[in-house]
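Have a look at the structure that comes next, please.
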Amino acid sequence: MGKDKVPYQLKTPKGTKDWEGKDMVIRDRIFNAITTVFKRHGAVTIDTPVFELRPILSGKYGEDSKLIYDLSDQGGELCSLRYDLTVPFARWLAMNPSIQSIKRYHIAKVYRRDQPAMTKGRMREFYQCDFDIAGVYDRMVPDAEILRIICEIFGEQGLGWTQKGGFLIKINHRGVLDGIFEVCGVPKEKIRTISSAVDKLDKSPWQEVKKEMVEEKGLSEEVADKIWEFVQRRGGRDVMEELRKDERVMGNSNLANGLEDMELLFEYLDAFGVLDKVEFNLSLARGLDYYTGVIYEVVTEGSAPSTATGQKLQRAAKKEKASEFDEDRSNDPSVGVGSVAAGGRYDELVGMFSGKTQIPCVGISFGVDRIFSITKARMEADKGTAAVRSTEVDVFVMAFGGKGFTGLLKERMQVTKTLWEAGIKAEFAYKQKPKLPAQFKSAEQSGIPFAVILGEDEQAQGKVKIKEMGLPEGHPEKDGVMVDTKDLVQEVKEKLRRKAESDGLVEGMNELDANAGVGDGTL
C-alpha cells in the first residue's frame with residue numbers, strides 16, 4: 001500500500017480492548033489470587049472450544065439469549081461464540097459419561113453482545129473464572145464450600161477486599177422464588193419471565209418492575225402487589241422465620257423444600273465461618289434458565305450506579321434508540337459495575353445434553369474484568385498503582401568505565417546468565433557500550449529494585465557492586481555495596497528477601513529457593 005491511507009479506522013471492536021503494562025500486571029495478580037484458592041480446594045482445570053454448536057447454547061439463557069454472538073454460516077456447522085463457561089462444562093460432562101464427579105476450574109474468555117461500559121468492566125469480550133463441583137453428594141455441602149471459596153477469594157487470603165469496602169453475597173433459592181410466585185398466583189407459563197423482571201430490582205425501583213410485569217408481561221396488578229410483599233424481604237435466619245409463620249408458604253412444597261435447603265445451608269456456612277458475609281435476599285432471581293436450587297451473586301460498593309439519580313437515568317436509558325446500543329456508557333452515572341461473581345445450582349443441565357443420567361452441579365463464576373475495574377479504582381484512590389511494576393525483573397546488570405571502556409557486554413551476559421540459572425529475574429542493556437545514566441534510567445522506568453554494576457577494575461579484583469535503587473540521600477548503602485563475585489547470587493537473594501519482608505511481601509521467595517539448585521551460582 002506504500003504511503004496510501006489505510007482504508008479503515010484502526011481500532012479494536014466495540015466492547016473490547018488491548019491489555020498492556022500495569023493493567024496486565026494487576027489482572028495477572030487477580031488471576032493468581034483466584035487460581036490459588038481454586039487449587040487449595042482440590043480443583044483440576046479443563047479447556048473447551050471458544051465456539052460451540054449453536055443448538056448447545058440455545059434455550060439456556062432466557063431473555064439473555066439475544067446477547068449470543070452467532071457466527072456466519074460458511075457452509076459448515078452452525079456455531080456461536082460461548083456465552084459462559086457453564087454450558088460448555090455441562091456439554092463436556094455429557095460427552096464424558098465415565099466422569100461422574102469432579103471439582104473443575106476454568107479460566108477463559110466469553111462473549112456477549114451487551115452494551116459496553118469499558119471502565120466499569122462491562123465488556124463484550126471478557127474473562128470468567130469458574131469453579132464447579134459436579135456429582136451426587138449430601139444436600140447443600142458442596143453449595144456451602146462454593147460460598148466459602150467466594151469468601152476466601154475476596155477476603156484476606158485472596159484479593160483482600162474485606163478491609164477495602166467489603167463485599168456481600170446475596171443468596172436465594174429457585175425453589176423459594178418459584179414457590180412465592182405460585183403462592184401469589186403467577187401462571188406457571190409466566191414464572192420464568194416474571195422471575196426475569198424481579199431480577200431487575202437491584203437496578204430499577206419497584207414501580208418500574210411492576211409496570212413491566214403488568215403492561216409488558218400481562219400479570220394482574222393484584223398478583224404483582226402480592227409478589228412485592230415477599231421480594232422486598234432480606235436478611236438472614238429472620239427471613240426464614242417470617243416465611244415459616246406464613247401458612248401460604250408452608251402449604252407450598254417448592255417453598256417448604258427450598259426453605260429446608262436454606263436452613264441447612266446456613267448451618268454449614270456458620271461452620272465455615274462465613275455466615276456474616278451472606279444476605280438472604282428474596283428479590284435475587286438470576287435470569288439464566290438452567291438454575292434449579294440455590295443462587296447467589298457477589299456485590300460491592302462499586303456494583304450499584306454511582307449517583308442518587310442513577311435509577312432515574314436508567315429508566316431514561318431504556319428508551320434509547322437501537323443505533324445507540326453500541327455506544328460505550330463508561331461515563332454514564334446510571335451504570336454500575338454490577339455483580340462481580342455469580343452462580344448457583346444446576347442439577348438438570350447435563351441431562352439436557354445426555355438425555356440419560358443427570359449429574360447435579362453447583363458453581364460460581366468470577367467476572368475478572370469487573371473485579372479489575374474495582375481493584376484498579378481502589379488502587380488509584382490509594383495511589384497504589386504507582387507501586388505496580390510493569391515487569392517482574394529484580395536485577396538490572398549494568399557496567400561502567402572510563403576512557404577506552406569496552407562495555408563489558410560478554411561479562412554482563414555471563415553475570416545475567418548466572419542470575420537466571422539461580423532463578424533470579426534479571427536483564428541487561430542490548431548495547432555494546434551503554435552509557436551508565438541510560439542504564440539507570442531503564443532500571444528506574446521499569447521499577448527494577450536492584451542493580452548489579454560491573455566495572456573493569458572491579459572485575460580484575462573479582463568484585464561487583466550491588467545497589468538498591470531509590471535509597472534516600474545519606475543512606476549508608478546509597479552508592480551500593482561491593483561483594484565478591486563468587487558470592488553474588490547469595491547476596492542478591494538475601495537482599496531480595498529483606499526487601500520482600502520490609503515491603504510486607506513474601507511471594508516469590510519460595511520460588512527462588514526452589515530454583516537455587518538450577519545453577520551452581522558461580523561465574
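Note that Cβ sites are derived from N, Cα and C of the backbone, with glycine treated the same way.
Taken from TrEMBL, the feature L-histidine binding site covers Asp84, Leu85, Thr86, Arg112, Gln128, Asp132, Arg286, Tyr290, Tyr291. Residues or ranges marked as compositional bias 'Basic and acidic residues' in TrEMBL: 317-331. If you look up TrEMBL, you'll see 15-371 marked as domain 'Aminoacyl-transfer RNA synthetases class-II family profile'. The region 'Disordered' feature in TrEMBL is assigned to 317-336.
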Measuring CB to CB from Thr86 (L-histidine binding site), give everything in the same chain under 8 Å that is also at least six residues away in sequence.
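Spatial neighbours, sequence-distant, of Thr86 (L-histidine binding site): Asp130, Asp132, Tyr290, Tyr346, Leu349, Gly363, Ser365.
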Sort out the sequence-distant neighbours of Tyr291 (L-histidine binding site) for me: same chain, 6+ apart, CB within less than 8 Å of its CB, listed by position.
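Once residues fewer than 6 apart are set aside, Tyr291 (L-histidine binding site) is near Arg174, Gly344, Arg345, Tyr346.
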Would you mind listing, in sequence order, the residues at least six apart from Gln128 (L-histidine binding site) in the same chain with a Cβ closer than 8 Å to its Cβ?
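Set apart from Gln128 (L-histidine binding site) by at least 6 residues yet with Cβ under 8 Å, we have Asp84, Leu85, His106, Ile107, Ala108, Lys109, Val110, Ser365, Phe366, Gly367, Val368.
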Across all chains shown, how many C-beta atoms besides its own are within 10 angstroms of the C-beta of Arg286 (L-histidine binding site)?
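A 10 Å sphere around the Cβ of Arg286 (L-histidine binding site) contains 22 other Cβ atoms.
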If the L-histidine binders are Asp84, Leu85, Thr86, Arg112, Gln128, Asp132, Arg286, Tyr290, Tyr291 per the record, what's the largest distance between their Cα atoms, in Å?
21
Please work out the number of neighbouring Cβ atoms within 10 Å of the Cβ of Asp84 (L-histidine binding site), leaving out its own Cβ.
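If we count other Cβ atoms within 10 Å of Asp84 (L-histidine binding site), we arrive at 19.
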